[in-house]
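Trainee: The structure is given below, and queries will be raised subsequently.
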Amino acid sequence: MIPEIMLKYFKPLTAVALLFFLFFPLIVVAQPLAVEPVKVYFFYGEGCPHCAREKIFLEQLIKERPGVSVRPFEVWYNQDNAKLISNIIQKLNFDLKAGSVPLTFIGAQAISGYYTDETTGAQIKQIVDYYQAKGDPDPIGKIIVGEKTATPPAPDSQIIGNDNLSQIKPSIIKVPFVGPINAQNFSLGALSVVIGLIDGFNPCAMWVLLFLISMLLGMKNRRRMWAIGLAFIITSGIVYLMFMAAWLNLFLFIGFLFWIRVAIGIVAIASGVYQLREFYANRDGTCTVAGETKRQKIVSRVKNIISEKSFILALAGVIVLAAAVNMVELVCSAGLPAIYTSILSAASLPAWQYYGYLLIYILFYILDDIAVFVIAMVTLRVVGITKKYVQFANLAGGIIILIIGILLIFKPAWLLFG
């Protein structure tokens, strides 16, 4: 009887046992694999729109990925955090700018900038997956606690740039008679044009050019007239370009830090007030920096250049004169180059684009000089910039620079272009 009962339930029990042992490995495999903890170090600036987008993404990433933690560090207003990011970049030998945010460090990899969740966000997820599987060496954490890290961890050390991903999917606007324009770069280009034009309406150099033209018109050799006049204008542009390049490299070196931004903002406000004061007080549009003694010396040098029989010596003389006059003009410009280059340095751009914008600035800076000179050479008449134009430049320039100064202190994110 017992054997019959056993035989009755043997086949079902055997089937259940086989099914259990068949699917048990699948149940084990289906369990989530243990993941290594990964730390994300997020350096941002309060008010930075790119940082705000990445912050939202990282908050969602923490919810989706177990074992991921994010440590945020604000660097524009917090000087300790600003020093920390500079220390990290220096110790890990990363070619990065401390003030250019957002900067994200995961393991031994750095991500510069943030474009979209689909591009930069996807890169962050891939790096997190890599270190969750392999293990996070956490070199940034070691630097924060004070451990010495002389060289970057190999072979994973890498910089992933997202500062110019907008070039992959640019916002193109088609303008009639002009063609396609990248809207993301238009604001910085427009700023270069506007401030360059305002800076160019400067009576300190204009009166020298007008006097030089009046002396040139008495010469019979038209080629020599063109050569000496153009040499004066081109030298002025080159000297000013060198001066602005020095400002730009200084700001790229020290970064867009809080105290630097506030200092430049104060200079901008003072410059704006000075421009507005010139609009009301200096109705004649004359240079208030060069006194009568300096004027007489410059007039004497111009006459010596024109009367010089040797063309080479005359050309060398006018180049030296242009350089000297522009040194005076740097005082007369009241910090406009410093204000512009500080804003330019805050944009994350490759080196050639920085200098491209400087060239745009210089082109419009010397545009009024070129126009006055060409008209005079063609018509053989001295035609200067009228007082109304100088007054308008002082008014418009004062208002614009004043606004920029206020934004630099209170709303710096509004001045982040590119």
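The backbone N, Cα and C atoms fix where each Cβ goes, glycine too.
Predicted, not measured: the structure shown is a model, and the values here were computed from it.
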Trainee: Among 18-45, 186-213, indicate the range for which TrEMBL gives the feature transmembrane segment.
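Mentor: From TrEMBL, the annotated transmembrane segment range turns out to be 186-213.
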Trainee: Let me check one thing: do the transmembrane segment (225-244) and the transmembrane segment (250-274) come into contact, meaning three or more Cβ pairs under 8 Å with sequence separation of at least 6?
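Mentor: They are not in contact.
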Trainee: Looking at the stretches 186-213, 250-274, 356-380, which one shares the most CB pairs under 8 Å with the transmembrane segment (392-417)?
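Mentor: Stretch with the highest Cβ contact count: 250-274.
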